[in-house]
Each structure stands twice: as C-alpha cells, then as structure tokens.
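Report on the following structure.
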Amino acid sequence: TNTKEKKLKMGVKGFVEGGIASIVAGSTTHPLDLIKVRMQLQGEGSAPNPNPTVQNLRPALAFQNATTTAATSIHVPHGPPRVGLVSVGVRIVQQEGVAALFSGVSATILRQTLYSTTRMGLYDVLKQKWTDPDTKNMPLTSKIGAGLIAGGIGAAVGNPADVAMVRMQADGRLPLAERRNYKSVVDAITRMAKQEGVTSLWRGSSLTVNRAMLVTASQLASYDEIKEKILKKGLMKDGLGTHVTASFAAGFVAAVASNPVDVIKTRVMNMKVEKGNAPPYKGALDCALKTVRAEGPMALYKGFIPTISRQGPFTVVLFVTLEQVRKLLKDF
C-alpha cells in the first residue's frame, strides 16, 4: 500500500511541477508566440482562395495589386516580401498598443494548464515506468516514445484553448469590421461552440496532436538526453548552467521539428468559414499544398526566427523553473 501511495504521490507531483513550470514559461514568452502567429499568417492572401484582409502586415510596395494578382493567378513560388520579427513587434505596438502583445494570454494560461500539465505529467509517469530500476537508465528510444504518447494526449485535451489562443492572437491584424473581439478565452470557446458548433473547438486537432507529439518528443527527450550526457562526461555540474545549456539545445531541436506543422496548424485554426461558402482549406494536407504552391516550400518555415526566439526562451524558462519547483517540492 505504501508503494502504491508513493507511486500515486510521485505521479501527481509530476503533473503539478510540470503545470507550474509550463504556466510560468507560457506567460513570460507569450508576446513572442503572438509575433510568431502573425508572421505565420503573412502572405496567406497570396494562396488560392485569397483573403484581402491579410495585407496590413506587408510593407508598402509600388504595384502591390499587380504583384498579388500575379502570385495568385500563376502561383509564383515567391510570396510577397516578409516582414521581420522586430518589425512585426514594433508594428503591433504602434497600431494596437503594448497590451496587444498579451492578446490571448488567458488562452495561453488555459492551454498550458490543460495541454502542458497533461504532457509533462504523463511523460514523468512513463519515465518512471520505463526507467531501468537497477541502472536508472532509460534508452533514448523510450524517451522519444514517452514524449510522443504524452504530447498526443496533452494536445487532444488542450485543443479548444489552442484554437482560442490562435484566434485571439490573430484578431488584431484584421480590419475592425471583421474582428472577432473575444473578451476572454471562455468567451472565445463559448462563442465558437454556439456559432460554429462544438466540433470547431477541435478544428486542426490532428495538426495540434502531430505538432505536440513532435515538440514533446524532441523537447523532453533531447533535454533529458543532453543533460545526462553533460553530467556523465563531467562537462558541468548539475546546476543552472547545465539546465540552461540542455534546455536551449532542446528548444532548437523542437523548433526545427515542429515549425512546418505549426504554420499549417495556425492557418487552419485561424481560417474563417462562412455559411454557404467553401472553407479556404479542406484540411491540413490541402492547406500545406496551397501554401507551398502559392508561397514556395520555405513558407513552411515562416516564423522560424520567432519560433526559435520563443521556443528557446520558453524551453529554458520551462526546464529551469521545473528544476527549481522540483527542489521546492522534493520533501512533499
């Protein structure tokens, strides 16, 4: 009974520690995530089924209309010039105010509470289960497997908050008449369920699940693996330096693995489906094909700089906070 109680306590602790660390990391890096979403939606108007409302992020160009028309009709693989990370950030502040950088932060907190608490907790449970009790070792393949399972389940749980977050972050780039103006994440989820049906809350869920599986497997498995290697080879002691190094490397791996799925996920979740009209994208594959056809294959790495700029700090804050929370709760 004591062993069972201990296991249950350890399991619950994994969820609590992972949840606290995720909420701290998600809230602090939210502005970077918002910029990433805006950059991933750049150039979307040049895809088939153009949406004229996405023009406001592009730099002013002579012959703007001519360029856009050409890109639409003959699928020129070079979309309109992209605006950089800093320019997008500055423009958001100028046009919408500093507070706009935290648009959708309530959705981020809910998403981290549902998605990250689940994935971090499950990964911890699986890690305890699959770690060799004698050698205390867990092979990299098992770590990746644990990450894939934990990420997939976490994403399915957190998808409604994810859709709400993407929409709240993207809202400011639309003309005033077309904005959704959600008051909070609860308002967003309630209105979506009423206006578009409950299934709209799981729009793009296959993408969210795929992305989360990739992120969790690459992020958590590579963090554990890199940290173990650093300690094993005696390169550094188990402290802040090791945690920052391992977590930044893990963030880079996660960004490279997840960016293409992330771009498609953002576009599918943000699309406006009007009654009587065909949706801009039939699904994930259709969105990927239209994006590549209209903007070239590198469009799948749109927003990569903000992705790594966010994934790096997010992963560092996540694991450094996690290690500190573990220290605080080690006696519980």
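Heads up, the Cβ atoms here are built off N, Cα and C, so glycines get one too.
If you look up TrEMBL, you'll see 13-129 (among others) marked as repeat 'Solcar'.
DSSP states for the repeat 'Solcar' (138-229), grouped as helix (H, G, I), strand (E, B) and coil, give 79 helix, 0 strand, 13 coil. TrEMBL lists 138-229 (among others) with the feature repeat 'Solcar'.
Taken from TrEMBL, the feature repeat 'Solcar' applies to 238-328 (among others).
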### Task
Mind tallying the repeat 'Solcar' (238-328) by DSSP state, helix then strand then coil?
73 helix, 0 strand, 18 coil
